[in-house]
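One structure below.
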Amino acid sequence: MKHLNIYIMLLGFSIFTGATFNLAKYTVGYFSPSSSAAWRFGLAAAVMLIILIFTEGIKKSQLRKNAVSYIVLGIIGIFGFNALFFVGLKYTSPVNGALIMGLNPLLTAILARIILKDNMTKKQVLGIFFAFIGVLLVITQGSIETIKTLSISGGDLIIFTGNVCWALYGVLGRRFVKDGTPLSTTTYTMVIGAVSLIVVSLFTSKPVSLSNIPIGVWGAIAFMAFFTSVLGYLWWNQGIKEIGASKTSLFFNLVPVVTMIISFAVGTPIKVFQVIGAVLVILGVLTASGVIRIPKYNTKEQSAI
């Protein structure tokens, strides 16, 4: 099969990212959310910076031109997203978190329409509808009474807000970064985000005796730093280069499935509404991306919005 190695890499990305929800839930049992995120991205940023130096090198003109954009993106997309991600996982399940994040490709499409004036096709609108129903099912736990009383988990709302930050990171990066490569943009924003997380952690986290932290927690942090944040990113961008962004983005929607399987394997019960929600989210993104085709009655698809 052509590009088999790329598909294997992207499957690895999905597995790494899916595992991250469970690992993050584990680490916040020992570290504060800000400390967990600071350790993860401090390590990842250092590795990414080394990779950048030995591949593309530090280009001062590019750095000066995009300095403000890198700072804003680092604060929104790395600091904002991950601070909310780790805090949210203290109050909701890894499965719910992954399912809510599964809405990201469609949320990005909405923000791209608003900020970049990108057109949205009919299949994208239909896909957004499916995914919205799926996420609504998850955060209301399948209860109509929850909708009536607006008694939605605070953790779910925090994760969703983090999702907005991550979507803004991609859209604003397209809008404001000039002449920056994916590697350089991600490295610089990751450094800004890591520094922000470390500073916040120093002022908000209670002192923890590192000698009392189980080796498994350090292993979880190392996994998230090196596999999810470094390898996952490199493989993701290799996929975009080889098979294109649209096909590559489909692998993000395996993440909730992986998280659900891992949660089930470690003894977490999976509820029917979570399974249905996962199916609807995946169905929505597959519809929006064109993998599931909508019958056409004319030869040219029209923009819906």
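The first residue you see is number 1, and the count goes up from there.
From the backbone N, Cα and C atoms, a Cβ is placed for every residue, glycine too.
The feature domain 'EamA 1' is assigned by Swiss-Prot to 15-140. This prediction places the mean pLDDT of the domain 'EamA 1' (15-140) at 86.
The domain 'EamA 2' feature in Swiss-Prot is assigned to 164-290.
Residues or ranges marked as transmembrane segment in Swiss-Prot (evidence: sequence analysis): 4-24 (among others). With a threshold of 8 Å between CB atoms, the same-chain residues lying at least 6 positions outside the transmembrane segment (4-24) that come near it are 36, 85-86, 89, 94-95, 97-98, 101, 220, 223-224, 227-228, 231-232, 235-236, 238-239, 242-243, 248, 251-252, 254-259, 261-263, 266.
According to Swiss-Prot, the transmembrane segment annotation covers 38-58 (among others).
Remote same-chain partners of the transmembrane segment (67-87), defined as residues 6 or more beyond its termini with a Cβ less than 8 Å from a stretch Cβ, comprise 24, 27-28, 33-34, 36-37, 40-41, 97, 158-159, 161-163, 165-166, 168-170, 172-173, 176-178, 185, 188-194, 196-197, 200. Positions annotated as transmembrane segment by Swiss-Prot, on the basis of sequence analysis: 67-87 (among others).
According to Swiss-Prot, the transmembrane segment annotation covers 95-115 (among others). Tertiary proximity for the transmembrane segment (95-115) is limited to same-chain residues at least six positions away from its ends with a CB under 8 Å from its CB atoms, namely 18, 21, 85, 88-89, 124, 127-128, 131-132, 134-135, 138-139, 153, 155-156, 159-160, 163-164, 166-168, 170-172, 174-175, 249, 252-253, 255-256, 258-260, 263, 268, 270, 274, 277-278, 281-282, 284-285, 288-289, 305.
Look at Swiss-Prot and you will find 125-145 (among others) tagged as transmembrane segment, backed by sequence analysis.
The feature transmembrane segment is assigned by Swiss-Prot to 152-172 (among others).
Annotation comment: Swiss-Prot describes 183-203 (among others) as transmembrane segment, evidence class sequence analysis. Through the fold, the transmembrane segment (183-203) approaches residues 32, 34-35, 37-38, 41-42, 44-45, 48-49, 51-52, 55-56, 59, 62-63, 66, 70-71, 73-75, 77-79, 82-83, 169, 173, 177, 229, 233, 237 of its own chain, all at least 6 residues removed from its boundaries and within a Cβ separation under 8 Å.
Swiss-Prot lists 215-235 (among others) with the feature transmembrane segment, giving sequence analysis as the kind of evidence. Within its own chain, the transmembrane segment (215-235) has Cβ neighbours under 8 Å at 9-10, 12-13, 16-17, 19-20, 23-24, 26-27, 30-31, 36, 39-44, 47-48, 51, 186, 190, counting only residues six or more beyond its boundaries.
Sequence-distant contacts of the transmembrane segment (250-270) (same chain, at least 6 residues past either end, Cβ-Cβ under 8 Å): 10-11, 13-15, 17-19, 21-22, 93-95, 97-99, 101-102, 104-105, 239, 278, 281-282, 285-286, 289, 291. Residues or ranges marked as transmembrane segment by Swiss-Prot on the basis of sequence analysis: 250-270 (among others).
Taken from Swiss-Prot, the feature transmembrane segment applies to 272-292 (among others), supported by sequence analysis. Non-local neighbours of the transmembrane segment (272-292) in the same chain are 95-96, 99, 102-103, 105-106, 109, 123-124, 126-135, 137-138, 141-142, 246, 249-250, 252-253, 256-257, 260; each lies 6+ residues outside the stretch with a CB under 8 Å from one of its CB atoms.
With a cut-off of 8 Å between Cβ atoms, the residues of this chain six or more beyond the transmembrane segment (152-172) that come close are 69, 72-73, 76-78, 80-85, 87-92, 96-97, 100-101, 103-104, 107-108, 111-112, 115-116, 135, 138-141, 146, 189. Sorting each residue of the domain 'EamA 1' (15-140) by its DSSP state yields 103 helix, 1 strand, 22 coil.
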